[in-house]
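S.K.: TrEMBL lists these features:
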- B:THR105, B:THR106, B:PHE133, B:PRO134, B:THR135, B:ASP136, B:ASP210, B:HIS213, B:TYR235, B:TRP265, B:THR291: pyridoxal 5'-phosphate binding site (BINDING)
- B:LYS236: N6-(pyridoxal phosphate)lysine (MOD_RES)
Number of protein chains: 2
Amino acid sequence: MTTPDAALDASLDAAPLDAADPLASFRDRFVQGGDTVSYLDGNSLGRPLRRTVERLPPFVQQEWGERLIRSWDETWMGLPFELGDAIGAATLGAAPGQTVVGDSTTVLLYKLMRAALTARPGRSRVVVDDDNFPTDRFLMEGIARELGLELDIIEVDRSIGVTPDQLSAVVSDETALVVLSHVAYRSGYLADMPGLTRLAHDAGALILWDVCHSAGAVPMQVDEWGVDIAVGCSYKYLNGGPGAPAFAYVRRGLQAELEQPIQGWMGAADVFAMADVYVPAEGMRRFLSGTPPVLAMQPITDMVDLVAEAGIEAIRTKSVALTEYALRLTDALLAPLGVTVSTPRDPELRGSHVTVSHARFREVTAALWRRGIIPDFRSPDGLRIGLSPLSTSFAEVRLGVDAIREELERETAV
Amino acid sequence: MTTPDAALDASLDAAPLDAADPLASFRDRFVQGGDTVSYLDGNSLGRPLRRTVERLPPFVQQEWGERLIRSWDETWMGLPFELGDAIGAATLGAAPGQTVVGDSTTVLLYKLMRAALTARPGRSRVVVDDDNFPTDRFLMEGIARELGLELDIIEVDRSIGVTPDQLSAVVSDETALVVLSHVAYRSGYLADMPGLTRLAHDAGALILWDVCHSAGAVPMQVDEWGVDIAVGCSYKYLNGGPGAPAFAYVRRGLQAELEQPIQGWMGAADVFAMADVYVPAEGMRRFLSGTPPVLAMQPITDMVDLVAEAGIEAIRTKSVALTEYALRLTDALLAPLGVTVSTPRDPELRGSHVTVSHARFREVTAALWRRGIIPDFRSPDGLRIGLSPLSTSFAEVRLGVDAIREELERETAV
């Protein structure tokens, strides 16, 4: 491997950054081990907490195995709401009674898109953008087709994201619902949540924010900003484990107006009445459908506690430092090999991951994975460096970018 | 406590029944402990397996914590289908490629009800019965209202269940879909799955079976019987834990005709293509929506293995013996106190639970729970004795019925 001058630049040294990091010790709370040298995919699947390894056996043995069905009365029935409130407080800026955990992100998005449309019955248009995560677009397309609504699709410049001007140009008094992502899954672009929410409201529309790529890493003030609905994932920066259940926030004043279509017993006003006709519950319970996924919620609890302990503002400060460091390393070590940056350079416009692009990144990622350097690849040429602030060190980023450079040199030398 | 003559009757002695039970040793595979003396609610929440307690820490440590995102490629992407096939083989009589695990029972029912209706577009009626589990009725009512379909509601005599005559009287060439439960959650009535399926088909309708209260306890031959769709729960006789994900079977020849409405990335033909337009996958993948709940699937795997090891026919034999024993005990010990039987006496018409009724059973159940005797109460007066064949002994049933008698004597003496 060649060692460019840049690699000797003291400003690229990870050690002082880790030494000065007030959150550095949180890294010890996570499971380490195996062959992983540098994990740069915490925005796809967060690392487990050591606490989670310890928590599960007594949960199975005692809460499930010994208390058995009694645990539903004792703790489990309230869990979707307690954990929801904890997520709301730790990451969303949401007062209690507005956040609930249950179902997958996809299912919660579906229910709340459908529900939002029931609250704007006279309006015939919905707004999405062409760079949102496929699920969000697929769902909205399916629902629009089914209900005979028109889709307004904003074409996004991926280096910028959806701008206020773009949204203003498309929302109108015919718009029922706007669906946007807070942080773009590809570019890491951080949208102006308060500003865009205001624009949607000025037109009388509701807005649904997908916060999968921001919850746990980027602070929000959904109450203060008047957000209507937010849906997020818990297996990224909330470290809930593969396929962990998602969460949904619905503004208190809006809850009674929304009726979701998947009418199950857990969403009914009196769950155990076994009534003849479905009457939706008051409050957030109406957005539940089936039996809450209690086992799958256990790991999320651990991470939400940790986010609260560290503080979301401190997490954001480290997140920005990590992404800035990744960009500095990219400029110094990867740009000379033809790598370009696909993420905004202004930290105000950036979430907690950095995407870099090169035509050979598919092969590079495969080679990296074999040696325990684990970023994510997004077709056709994007390599995502996901920086989970509480579990990622600056040294890990440096190791990762050095390895990307090595593998890219190998690939391009062929 | 009085000791009636009946209690001395040797035919009511549990010991010889346990001694002769070829599946008795399986009970040791389950978590025991705590204050539970007799667990009679395995049809609400199955006991955990000891194997599950042991499996979770290495799963979190290694599969999740060390392999990290690589586990999606290595094992997790296939898990919904592998576990589905295992459930199909162990409990449904389904060949591979027709069963998948994901979402809650409610969400799977919703998706497959909606999907079934896409395959019968010209037909305007759906059939349900008034004794089905609330979720099934609530969902079908909501969907019918939304799509402008007429509901035909069969009024069930709860001591018999839906009869062929009743179904014949209501299905017609206008019927799109019939939704029934295999085992009634209240009475334990076991419906004639092959016969009723044939009647629905004779009218050109599709049939969806809710198998929540039979999967893992009552054998089925869904392939042989031509069942179209079956949806079941995994936290009852499949011991998957509180809120464990459900499973769905869709007959192979029908899969391509069904389009479900919750269009997420995991149901798309090319999951990672991040395509512009949703194209449903071939086969069972099209019925997935969000990221599969991998952590929550782990315990199910253990129990499905155990069901396969014991054999569903042997499980059924023990199940029948357990319910017969519960009925004999009820006749001898509880009937003199005014308790009636709300479950069919013909074992061919009975699932794996027995429901007995008395006006004071709400109070009796509360008292029983406090002393570690745990049946289930179903309003207004039903006490369910759920008999999970691999984890319940005859002695446990005897202990339970003796305690019901004691508490009922106490209650009625007041």
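Placed from the backbone N, Cα and C atoms, the Cβ positions cover glycine too.
Each of these features: where is it, how hidden is it, and who are its neighbours?
M.R.: For B:THR135 (pyridoxal 5'-phosphate binding site), the same-chain residues lying six or more positions away in sequence with a CB closer than 8 A to its CB are B:THR105, B:THR106, B:LEU109.
There are 26 other CB atoms within 10 A of the CB of B:LYS236 (N6-(pyridoxal phosphate)lysine), with all protein chains counted. Reduced to three states, the DSSP call for B:LYS236 (N6-(pyridoxal phosphate)lysine) is coil.
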S.K.: Out of B:PHE133, B:TYR235, which of these binding-site residues shows the lowest number of other CB atoms within 10 Å of its CB?
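M.R.: Across B:PHE133, B:TYR235, these binding-site residues, the one with fewest Cβ atoms within 10 Å is B:PHE133.
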S.K.: Look up B:PHE133 (pyridoxal 5'-phosphate binding site) in the DSSP assignment and reduce it to helix, strand or coil.
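M.R.: It is coil.
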S.K.: Check the DSSP secondary structure of B:THR105 (pyridoxal 5'-phosphate binding site), expressed as helix, strand or coil.
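M.R.: The three-state answer is helix.
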S.K.: For the pyridoxal 5'-phosphate site made of B:THR105, B:THR106, B:PHE133, B:PRO134, B:THR135, B:ASP136, B:ASP210, B:HIS213, B:TYR235, B:TRP265, B:THR291, how many Å separate the two farthest Cα atoms?
M.R.: 31
S.K.: Could you say which of the binding-site residues B:THR105, B:THR291 has its Cβ with the most other Cβ atoms inside 10 Å?
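M.R.: For the binding-site residues B:THR105, B:THR291, the Cβ with the most other Cβ atoms within 10 Å is B:THR105.
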